[in-house]
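Notes follow the structure.
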Amino acid sequence: MMKEELETANRPDNTAFTQQRLPAWQPMLSAGIVIPGFVLIGLAFIGIGVALFIASQNITVLERDYTGVETVSDCYKCSNPSVKNCTCKLDFSLSNLFEGPVFFYYGLSNYFQSQRAYGASKDEYQLSGDLDYFKTPNSACSPYQYDANNNPIVPCGSLANSMFNDTFKLYQMVNGTKKLVPFDGKGIAWWTDYNIKYRNPSVTPLKNAFNGTVKPPFWSKPAYELDTSDPSNNGFVNQDFLVWMRRAALPDFRKLYRRITEGDYASGLPAGNYSLEIAYNYPVLSFGGRKKVVFSNVSWMGGKNQFLGIAYLVVGSLCVVMSMVMLIVYAKFKFPEDDK
Amino acid sequence: MGSLLSQFGLECGEKEVKEEERHLRANDRELNLSYKYADNAIKTSKYNIFTFLPLNLFEQFQRLANAYFLFLLCLQLIPEVSSLSWYTTVVPLVLVLSMTMAKDGSDDMNRHICDKQVNNRKVEVLIDGELKRERWMDVQVGDIIKLENNQFVTADLLLLSSSEPLNLVYIETAELDGETNLKVKQALTVTGKLEDSEEKLASFNGEVRCEPPNNRLDKFTGTLTLKGETYSLDNERILLRGCTLRNTQWCFGLVVFGGPDTKLMQNCGRTTFKRTSIDRLMNVLVLNIFGFLAIMCLILAIGNGIWEYQDGSKFAAFLPKGVNAPFSAFLTFWSYIIILNTVVPISLYVSVEIIRLGNSFYIDWDRKMYYPKSDTPAEARTTTLNEELGQIKYIFSDKTGTLTQNIMTFNKCSINGKSYGELLDFSGQRVEINEKTEKVDFSWNNLADPKFCFHDHSLVEVVREGNPEVQAFFRLLALCHTVMPEEKKEGELYYQAQSPDEGALVTAARNFGFVFRSRTPESITVMEMEELVTYELLAVLDFNNVRKRMSVIVRSPEGKITLYCKGADTIIFERLNPSCSNLMEVTTEHLNEYAGEGLRTLALAYKDIDPEYMADWKLRHHEANTAMDEREEKLDALYEEIEKGLLLLGSTAVEDKLQDGVPQTIEQLSKADIKIWVLTGDKQETAENIGYSCNMLREEMNEVFIVSANTAEEVRKELQTARRKMTPDGTEEPTVKKSRSGLFCLIKMETVVDEPVNGEYAMVINGHSLAFALEKDMEMELLRTACMCQTVICCRVTPLQKAQVVELVKKYKQAVTLAIGDGANDVSMIKAAHIGVGISGQEGMQAVLSSDYSFAQFRYLQRLLLVHGRWSYLRMCKFLRYFFYKNFTFTFVHFWYGFFCGFSAQTVYDEWFITLYNLVYTALPVLSLSLFDQDVNDRWSFQYPQLYAPGQLNQFFSKRAFVYTVLHSGYSSLVLFFIPWAAMHDTVRDDGKDIVDYQSFALLAQTCLLIAVNIQLGLDTHYWTAMNQFFLWGSLSVYFAVIFTMYSNGMFLIFTSSFPFIGTARNSLNQPNVWLTMLLTSILCVLPVVAYRFLRILLWPTINDKVRYKERQNKVLPPAPRRVQARRTSTRRSGYAFSHAQGYGDLVTSGKFLRRTPKSRTSLFSQTDSPLVQTQPQYYNTISEQEEPPLSP
């Protein structure tokens, strides 16, 4: 008995794993799965596509370029960078009710927020209110790290420095008088940005935290004066600042400026003539950029985007067509039952 | 002079001076130490505690991939260039380095332990006139040490004296050169006089001058100066470290070379690493990928230059740049090198190693390759060659011990016209003999060998009845041979036979009551039916290749002189007395029958000799024997004269037992289109015989060419004739395809294209012809002809020729070769072939030690190749295709994004995703694919050996497949970038906030990518085990868990700068259009592949698809492989075979080996440390397995 045990001492274990006999599901691309699968996916996609397409169709978008390239444009006069404090007007009319809530965006083209050096040019610690970094900003911010007098720039970096600074006022022309459309600038940034990622230093008044620092050169006022009326919208947690700092992935982008949700305009912009008053500050022509404003409402699938709906419809139809092709091929070439 | 020089050099402290001559004096440690020769300690380990880290790191960074990553790391430290955080490179690099380091460390630890063990072995050293047990490492050059039987030789020794007569010692050199036969060394007479007297040895003060340490095993030159006399020393006097002392009680030796200077150690460290063809392809691909990477980076850098020139410089208001466009482009180039490095993934090499290791374990674990009789499991000794097992095109097999068991069994005999050994039932039908068949009971004979089995009872009855012919038959078998008996205890007989055939015959006689008990040079003692009879041995007419027979002439106690002769039937029949013609006819019939069954036959005959004639003959024999010239011819003539007019007794049929399942295995392998060449040291007849019995040569073959010419021209002619017969309209010149391969295409390759042949042919070529055929000018001819044949058998080949044949095929066929063998003579071919397989579990581990895979039975080869090899290949190819796919897709998306970020080397994904993509998110699913996947199970693999073909043709992974993979990746990356782009670029979230911010887009892109590559993995998986499911879903869940964790508030608050993506997951994964985009990209990535594969299976199904389909159709398993015992009725008429070439009758009669009484001898020619000899009496320890013909020039 002992001997027998000894003799089989090296016998490998008989388990499903060591003997490669693990139970397994072995699917095959058989006609019974593939063809109905294609049909089902195709039909589902067509369904989704229709829904998306309709949703997209129901969204109204109004886009106006106000760079002022054309001489007829009112903003042409402002497009010269030497002109300061220029204000121009953009008129448009709505023939139908622009259903609300309406979102008002500014858009920039050929603007490379996605540039690596641009995106990296900021100081996370500084922006989260760490006072140490007020004195010595991250070197990635260079050349907007220190000014000529070696004072630290707060907020430092190209990204903050280049913050969009055109401002807009929308008027509805009612019987020849301008009626201001109220803008809602609250909650246009992400909750996490507003509450976690960006924080003002816990110094009151906020201004004191910025002692010994200078504002970014491009800014007209320091960070602690971005919104003097509302401390919860001031400094690094200013909504416009937050929106700007969430940099765009693509060179043509738009960013939310205001929502129109209040007063007479809660249900949308009624038909009529409107005038948008633009404080034209932001130079884009130098690098061939464009500025635009966008009015849009949204649906369950977000803003207007025809592509997704059409893509679903096309892919869905292709699936159905493909399933037909496969069915024909299958009928012609299927394995004979007794093929070797 | 030389010693003076070296002395001078050493005194100056210049250790670097090359030793030109070794000088030492026995028993003079002081002098010897002054030369600072290496002592006997050896060191094979590479590191110690302090050097481990720096040395190991240095070695690792010599590897291309690691060095590349180090280079990347350096690039990342330059702020202007760095496009990725340092951790993206450091984390994988550290992981890889530490894994390799752990492996190297444990390997080196084992070497340390091994060294320590060897160095601490004890040996008796003569110190101050006394023998003391010392550790090996303390032995110094110039010491005298005493070795005992079966001890390992401690260092390279000059043999001084020994216990044996004539100062002989017997050593086994298996560890050095793999030869298992014993070799004789002899001490100088002058030192032999020292014997074992300690005083004499202690006062011995001979001085040795000899060559410096070198690695020539067969050469030694030096002189011994003793008392003013100088004696020359050669290799005969030297015992080399690594040998084992055998059959010698003791011997004394003077240490000449120690430790690292010994010839054994000087021969070490030249192991060449085998690389698989996939490895080589991978290296070429990686190099191409580098080129491709450079091109991509160049395009992007140029793009950056243009962008900087057109836009960037104007954008300076917002993004001031201190550099001009060309310099920016230059920096961008390097930045992109960092970002796109994932095309050359470092984890690829690690994963490949892991997969191979895993698949090697499967081989170790396979119970179907475990041989219970010797308790030997299969072993993958090399873990880096697995996928090559699935690509074998040529198998080179040894015969003895590989195809056959090297066990001969006495199966049948024909005595006086009656055949014995068959079992017939009542109706006269043959009964199949199997393990259950009742065996003949030999208990009446207490000297019988219990292992011997025979099934025909009638033969025992006849012999016990006292039938004179039958008794004469067995008497002949008991007398006419050169076997050495060994009787350790009364009645326990062991035979040492030169060839297993002889052993089988003598054992048969023993069991049938004619027990050969002992021999002296002048007599043979036989127990004849329990009666001790001593015959006087008058002459042994030895066996050789030309004579093909051997005879003995004995005088019985009654004074009758008889010549007993056994030999090849054709030879014997020529020399028969005419009165035997009737018997001859009947016997011939029986012989035909035996030959048809593949048995090895011998005819037996005898002749009574007149004493006067004998006396005269004996006188002439003595004259001839002492003749100075033409001794051989004179002896031959004398033999010829006396071996005449013989009376036929009958014939024997010995079965050279094939291993189990050999014919079936060969059939399976040839169905898998693997060509099998048998390379054997055996004789042509034996080899042919085995060729027939294992179905490699078949009756129905169109022709079996036999090439056995003696001159180069004749060989060429024979080869050409054979070739022209096979392809009458073939071209004279071989079609050679020239190509280049390797890194930078430096290696020129010539591939001889296979030529189509009608019909089946086989070729048998002997070693002599092979020597000519392997010459430079004829090798092509040989190769062409041989490759056209279904079967090639090379017989009487030397180990060197075996390797040459393998090299020839490797060189001109560019095919993967496998060599399988069991003996030391197979080592060279095992090392030469791409894959070497050793048959383990028997004596002689040489083949196993140098092999890559080992198992106990030849038949396991089909499982190794058709199941393990095929799966390994399949898995490796799937792995590589998938791995390249997922990394290329990953990288190309970056490329596309370059056009949207001003070519600024902005990553499209989160940096953590880049770090973890290969290491965590996709590592385990693809590993489980490449460890568990099987297209069809092992039963079906056996059922359809054709499934093996794609591997031979490199179909699953080649440059072509790689290009397809790259194109597929290109498509997928386009989908994965542009669909999200199109779906997102002008839209917003459902709460009106913008959605195409960089972080959301990165999250979308990376999630799409991960889902798409995982679905692709699912498509590639054919065998979904629980593990596959677990890893796949687990990885996806881990991904989501990780992103939610890394993008959480907590992580940001702790590591603010490392996790800037806070909130991204929460904010974008709640958007329906994000999910719809993911769905669309996944479907667009996958459905075309599904459609393509579905249509391909329908329109151009591969063999794999067909078998998979079949497996699906009938869920039942295929029938278990049938085992039909092939019983051939053959008209072939050459059953004669004998496995040894030249007998050692001379030794028997000279008595050289019989000088001492057998009792004091432990064992004759057997390794006492091997239990096999004891347990397998039927396994004969052959004195020289096969005498190899001289090495070819």
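Each Cβ is built from the backbone N, Cα and C atoms, and glycine gets one as well.
Of the listed segments B:1104-1133, B:1134-1163, B:1164-1193, TrEMBL assigns region 'Disordered' to B:1164-1193. Given the ranges B:772-792, B:961-981, the record in TrEMBL names B:961-981 as transmembrane segment. Between the stretches B:65-83, B:84-102, TrEMBL puts its transmembrane segment entry on B:84-102. The recorded stretches the transmembrane segment (B:961-981) and the transmembrane segment (B:912-932) do not share 3+ CB pairs below 8 A when only pairs 6 or more apart in sequence are counted, and are therefore not in contact. Put simply, B:Asp398 (active site, 4-aspartylphosphate intermediate) is 7 Å from B:Asp822 (Mg(2+) binding site) when counted between their Cα atoms.
Below 8 angstroms of C-beta separation, residues 968, 971-972, 975-976, 979-980, 983-984, 1004, 1007-1008, 1011-1012, 1015-1016, 1019, 1069 of the same chain, each at least six residues beyond the ends of the transmembrane segment (B:1075-1095), sit close to that stretch. Cα of B:Thr400 (ATP binding site) to Cα of B:Asp826 (Mg(2+) binding site): a span of 10 Å. Within 8 Å of the Cβ centroid of the Mg(2+) site, not counting the listed residues B:Asp398, B:Thr400, B:Asp822, B:Asp826, the chain contributes B:Ser397, B:Lys399, B:Gly401, B:Thr402, B:Thr680, B:Ile820, B:Gly821, B:Gly823, B:Asn825, B:Ile839, B:Ala847.
The transmembrane segment (B:1001-1019) and the transmembrane segment (B:284-307) are not in contact, since fewer than 3 Cβ pairs between them lie under 8 Å (pairs 6 or more apart in sequence). Residue counts for the domain 'P-type ATPase N-terminal' (B:25-90) under DSSP, helix first, then strand, then coil, are 35 helix, 1 strand, 30 coil. Reported as a whole number, the C-alpha separation between B:Asn825 (ATP binding site) and B:Asp398 (active site, 4-aspartylphosphate intermediate) equals 9 Å.
Sequence-distant contacts of the transmembrane segment (B:879-900) (same chain, six or more residues past either end, CB-CB distance under 8 Å): 278, 282, 296, 300, 303, 336, 339-340, 342-343, 345, 348, 351-352, 355, 906-909, 917-918, 922, 926, 929-930, 956-957, 961-962, 965-966, 968-970, 972-974, 976-978, 981, 1005, 1009, 1012-1013, 1016-1017, 1020. Rounded to a whole value, the Cα-Cα separation of B:Phe543 (ATP binding site) and B:Asp398 (active site, 4-aspartylphosphate intermediate) is 25 Å. Spatially, by CA atoms, the binding-site residues B:Arg600, B:Arg796, B:Asp826 include one closest to B:Asp398 (active site, 4-aspartylphosphate intermediate), and that is B:Asp826.
Non-local neighbourhood of B:Asp826 (Mg(2+) binding site): B:Asp398, B:Thr402, B:Pro799, B:Lys802, B:Ala819, B:Ile820, B:Gly838, B:Ala847, each in the same chain, at least six residues away, with C-beta under 8 Å from its C-beta.
Packing against the transmembrane segment (B:912-932) from elsewhere in the chain are residues 84, 87-88, 91-92, 95, 342, 345, 347, 351, 354-355, 358-359, 875-876, 878-879, 882-883, 886-887, 890, 1002, 1006, 1010, 1013-1014, 1017, 1020-1021, 1023, 1025, 1027-1028, 1030-1032, 1034-1035, 1038-1039, 1042-1043, 1046, 1059, 1061: each is 6 or more residues past its ends and has a CB under 8 Å from a CB in it. Across the domain 'P-type ATPase N-terminal' (B:25-90), mean pLDDT in this model comes to 84.
Highest Cβ count within 10 Å among the recorded positions B:Asp398, B:Asp822: B:Asp822.
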